[in-house]
Each structure stands twice: as structure tokens, then as C-alpha cells.
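Residues or ranges marked as [4Fe-4S] cluster binding site in Swiss-Prot (evidence: sequence analysis): 108, 111, 199. Annotation comment: Swiss-Prot describes 33-38 as motif 'PP-loop motif', evidence class sequence analysis.
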């Protein structure tokens, strides 16, 4: 086991313990997009199950969105060799996105909603206890700033949440994992990564701008990324302006 994998194991098991993400006997569905993050999570979590660290029933779900150039042959071979239960479901969400999104606009929002809808549907149909997503620490940091800058809200990606209809529980075991470690792990393991040609062709994405902003700030102060992450668990409601968080009448007497 490499130092990188040991590091990933440490932060993943810490998040699972800190936020009580898994219970004994859980039937869980890990969403494998074909990218480095979900591949890394799968490899580590599968190893932890093999080592008897977790007693859970793991099922891998991949959504083929019918994007041009999609080839999952190597992904299938990888999953077969790993020996995990999996299903690759084909839904032409790509066609819907191309039809609905005006030229020049980004596809990410609609694409994500359609993908999320299929994930939730599949989880309910197969009576999954939990849905596992591969978002990492940098995703949380970027999402917080994006919400503030572009939506006027303070929110990010929680380690665990229940969907609005109460039907699905979603967990993110990699909320403490840095992207750079996942990049290194993907190189070490030579995962059969499937690039997202749809997203990759759109250069002016908001997330890329925010990511660059954080990187620039970190050059001046390396603690910036960790400070942003820590802010998500160090909230001072009395220092905000949401009237639902405090008694406005009491504060003006």
C-alpha cells in the first residue's frame, strides 16, 4: 500500500467516524462517474471492506449519459477484476441537455440535475440505504465560494444529508481529502478514467474561475483553503443577517 493510499484511508475513515456516515449492514450505492475522484474512493472503500473495517453491502452505479466518445469497456474490465457488484445504466441525458440549453450557455447545471435525478431514482428502486458521492475537500471549498459569489447563499456540500422527499440519504466520505492526493493516487493506480468531453469543452466555467481564485490566494497564504473548509464547521449565527437564525427584536432593544 502506497503512502498516498494510506493518507486517503486516514481521511476517509476519519470522516466516516466523525460524521457517522456508515452503519453495519448498510446497502450502499457508490456513484462511479469514471473520473479520478470516484475511482479513488471506490478503490479505498473496497479495500476497507476487504479488510473488514466496514461490514456493508457495496454496489457500484455508473450512468452512461450517451455523451459522444463515451467508452466504458475498460471501466467494465476494471470493475470485473475488482470483483464488485455494479450496473452501468444508459440514459440519453446528453440529448436533453443539448436540446434544452441555449448555445453559449454552460451545460453543467441541467446535466447535474438530470444525473442526480437518475441516481435518486435508481437508489429508491433498489432500496439503497445510502448513496455515496466522491466530492472532496476542494469541491466543498469551491462550492461555498460559488454559492456566495453567484447565488447569494451560504451553503456547500455537507458530509451527509437526506433528500427533500426523505427517500434518500447521501454521504460524502472524502470531505477531508485533498484533490492533489486523488490526482497522485490516480497516477499510481492507473485508473481507466473516462474524460467528460461535454464539460471539458466549456472553458469559461464558474468553478474553474473560483478554483483559480483560491489557488492565487493560497500563494499568498497557504492556510486559505483549510481556513475556508474550517469555516463550514465554525459558524457564528449571531454574526450573520439571516433573521431565521436569531431574534431580531431582542437585538435592537
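Placed from the backbone N, Cα and C atoms, the Cβ positions cover glycine too.
The average pLDDT the prediction assigns to the motif 'PP-loop motif' (33-38) is 95. Ranking the binding-site residues 108, 111 by C-beta neighbours within 10 Å puts 111 at the top.
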